[in-house]
Amino acid sequence: MIGDTEKIMDKQPIYSIVDLETTGTSVKNGDRIIQIGCVLISNNKIVNQFNTSINPQKSIPPIIEQLTGISSDDVKNAPYFDDVAGTLFSLLSGTIFVAHNVSFDFPFLNAEFERAGYPSLEIPAIDTVTLSQILFPTAPGFRLRDLTSYLTIKHDAPHSADSDAEATGQLLIHLLQRIQQLPTLTLQTLVKLNLGLPFDTNEVFKSELANREKSNFKLPNNLYIKNNLVLTRTKKVVRNGNLKKKKYPNSKQSKEKLFGGKLIYRGGQAKMMNMIYNNFVHEESHNILIEAGTGIGKTLGYMLPLAYLSYPNDKIIVSTATNIQQRQMADIAVTQLNSILPFKISSVVLKGNSHYVDITRFYRSLSAMGESTPIQLLKARILIWLLETNTGDLDELNLVNYNSTYFNEIRHQGIDGLDKDSVFYNDDFLVRRQKAMLDADVIITNHSYLAQHAEELGTNLNTPYLVVDEAQHLSENILRQSRHEIDFQSFSTILNILRGLVNDGHDRNLASIFTDLPNGDYYIRAIRNDLMSLSDSVKQFEQVLYRGFMLNVVADEAHSIIEQPIDSRQLKQLLNPEDKLVKNYTKIVGDLNEHFVALDNLFTRSAERWMISDRFLMGQFESQLSSISNIHERLLEFIEILTNQTSSSVFWLTIHQSMDQSSMRLSGGLLTTNQFLSKNVYPYFKKPIFTGATLFSSSRSQFIYDQLDINYKDTKIKRIESPFDFAKHSKMYIAKDAPEISNQHYQEYLDYLCNTIYQLTKDNSRQTMVLFNSLLTIEQVYSKLRGTDLFAGREILAQGITGNRDKLLKQFSNSSNAILLGASSFWEGIDLPNEQLELLIVTRLPFDFPDAIVTRAENEWLQKNGKNPFYNSSLPKATLRLRQGIGRLIRTEDDRGVAVILDKRLVDRRYGQTILKTFPQNMPIEALTTEDLLTKSAKFFKHNQ
């Protein structure tokens, strides 16, 4: 700890908010300061400022110049650091140093002071990054620009030291005000967590807690205390007194009157509304299939008529493809509707159990000692989030990664596993959600949840209306849900963790806490034996699978992972429920669960003797045991698929190149939904409405009807073109001289890709996305681009190299000149309006990889059923994927952009014309040489500055 931290407890401390711009990140390697910004704040007001450029006595690297806008010429006449060191040292002395990433600015500045002959500053230092992570847990990001946008703080010049310092000062004021609003109990828990925050940042919480001893803090009405945890009260749905049916605004005039200037009347949207309303007011309704182009406003297009149809007694289920779309619908669409409707509607979002925090598990985790700093920080963040959230949906935290062990320990395992006598039972978020669902008018879910809970939703909600938004993804979501993986290495790791919790050892574990309880030792020994037997059983499974399917496989040095398809009939014999190996495995899992239930009952009966840390140990064991149960459920699902749908299933084994059998993974599932939707989903709802921006792969294709498992004759169809002016705002250029891809000329193809991407991006700073079909190609192209000067002026993001999808999307959307190289998951479900995306490069038509195990199996199944794999599957899928990819470019009426396709098959193959006909009629499409394509792209951007 540095300096006199009691100053933080001072009633009116002076905070010095400092931001440095430097030539690099390492002062040891000779990097120097090029700009200093400093703002002094006292009593929540700026009382002084100090800003200056600094001559670093060395050249400024191009990437720093690009980032900061500061060139070597700009600072050649600026003072040296030594010239201003005395003034700055005096200014900062006696203050509390604050920076956004204090672990960089404070040591860097002190090193410069020492170099100039001054001592290090011995003053308290606090960090606004980690404070923001704790106090603003749902912020979309924690870069300064993210937070200033989130808090609507003026920040005119990011990466300019004076602007950054002033913005950080305003951020600090928000942070200090938020700390003063925290309940005393929450502050006490934060301090007990002993957070390893940078320098003296922890002292901010201790200071506020000390101040509470001198004043009374009144808990706000929206909060309440339960078992030493402060939670937010559930918002109650209040119904209007008048619950009579309202007249639907059928005409243009009545709609405009309803909108009242708050919403714009759109002809295409109005047609969609009336089609839906009229379908359900007649005696015999039909399925509805509406392709609504971008900009139609399709969400309001179906929500408004359904609101009138359902009010006041019916419910609406809306299913969409992603969790992000669920949140957008709840936040935006329902809010828009309530601003214009003559009655109010409420909504609730339904997701799988694992998306929600289990309050009991989280409470237990607070007592666990010795956790890493990131986990303690996460606990603090969740603690503050519980003061705000009404849902308990962990996605609200906007984290990039939810795969840590800690999340597995606090995730919800489902409402059936809750103890009704638990002190937190009525506060549990799934219990709250169950009540909210019965009160809500609109239930917003996702395709996976819909498929799993259709009967429950339809029965409990009395045959509600059903909208399937982004309907093109419904079938693939169900197939993905049916496909599972049993990772034997992970299985062994879980077993080892469980054994560590019950084996005798020096650390406190379950074995030590149950030693002196009647039957406690017996159940611990029984669980130990079960775990040993289960470990042996898993190894037997590995051996049987290896000998049956992998023994004669030859290792391929070119690939680190080997995939081997499995004959479903052979696997069915091996996984026969009556087989000795399967029966023995099933019995062991049953015994293990039975013995743990007995141990848990013993634990519950002796509740008064346990410390919170003991409860956390039980929670850890239960969490890992649930992972075993999940693996067991996957195995049972495999057996069910093999028993009932052997011919329409696909299974395969993967193994490391070393052929180590412990690295094996068994994967598989369904190839086709095979009437699943028509039998298990649709019967529980009124006739469904299917919609999306890209549903049809051609004017005559049967593909979407097959995918949705609906009858063409019982379906009303409408295609509504996008209202955007594609002719004025966009161009699509196809490289008619792009090389063919072959093994013999693959390097030439890579060279062509790299050179074309380089030429398209080197002289413009437009946000660019490059779509690939393969992560391997991304890796190869990224490697080649590193050999160019493109990295000097552009931020280049690459899937699988610089981050995962969510992290890259966040970085890309917050950038102004980035190039993003992305594969399959970037083709769809991304919204990048305005200048967030202006140049889209498609490296290759997005056909499925023909040699992939699932693709080969699907093609064989189609052939057996008398269908052409290319025209009935490959081409429609590629067409829809390409339409979705191109659809990323123009998202609003003000967007401008160019799509470049580096695959000549779009113009020299007959099916290319079929694909091109699916694009907006007014989108200009030209087939050009690569040279002309480069010229015309540059010309377009020149005219659209």
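In case you wondered, yes, glycine gets a Cβ from its N, Cα and C as well.
Automatic, uncurated: that is what TrEMBL annotation is.
In TrEMBL, the motif 'DEAH box' annotation falls on 469-472 of the listed ranges 469-472, 557-560, 565-568.
Shown in sequence order, S722, P723, F724, T892, E893 are the residues of the chain, 6+ apart in sequence, with a C-beta less than 8 angstroms from the C-beta of G295 (ATP binding site). Residues 289, 298-299, 302, 318-322, 325, 329, 447, 690-692, 694-695, 704, 707-708, 829, 880 of the same chain lie 6+ residues outside the motif 'DEAH box' (469-472) yet bring a C-beta within less than 8 angstroms of a C-beta in it. Model confidence over the domain 'Helicase ATP-binding' (255-517) stands at 91, taken as the mean pLDDT rounded to a whole number. In the three-state DSSP scheme, K298 (ATP binding site) is classed as helix.
Applying DSSP to the motif 'DEAH box' (469-472) sorts its residues as follows: 2 helix, 1 strand, 1 coil. Non-local contacts of T294 (ATP binding site) by the CB criterion (under 8 A, 6+ apart in sequence, same chain) comprise A693, S722, F724, G887, I890, R891. Within the set of binding-site residues (G293, G297), the lowest number of other Cβ atoms found within 10 Å of a Cβ is recorded at G293. Sequence-distant neighbours of T299 (ATP binding site) (same chain, 6+ apart, CB under 8 A from its CB) are M329, I332, A333, D469. Around I296 (ATP binding site), the same-chain residues six or more apart in sequence whose CB sits under 8 Å from its CB are R266, G268, Q269, M272, I720, S722, P723, listed in sequence order. Cβ neighbour count for K298 (ATP binding site): 23 (other Cβ atoms within 10 Å of its Cβ, all protein chains included).
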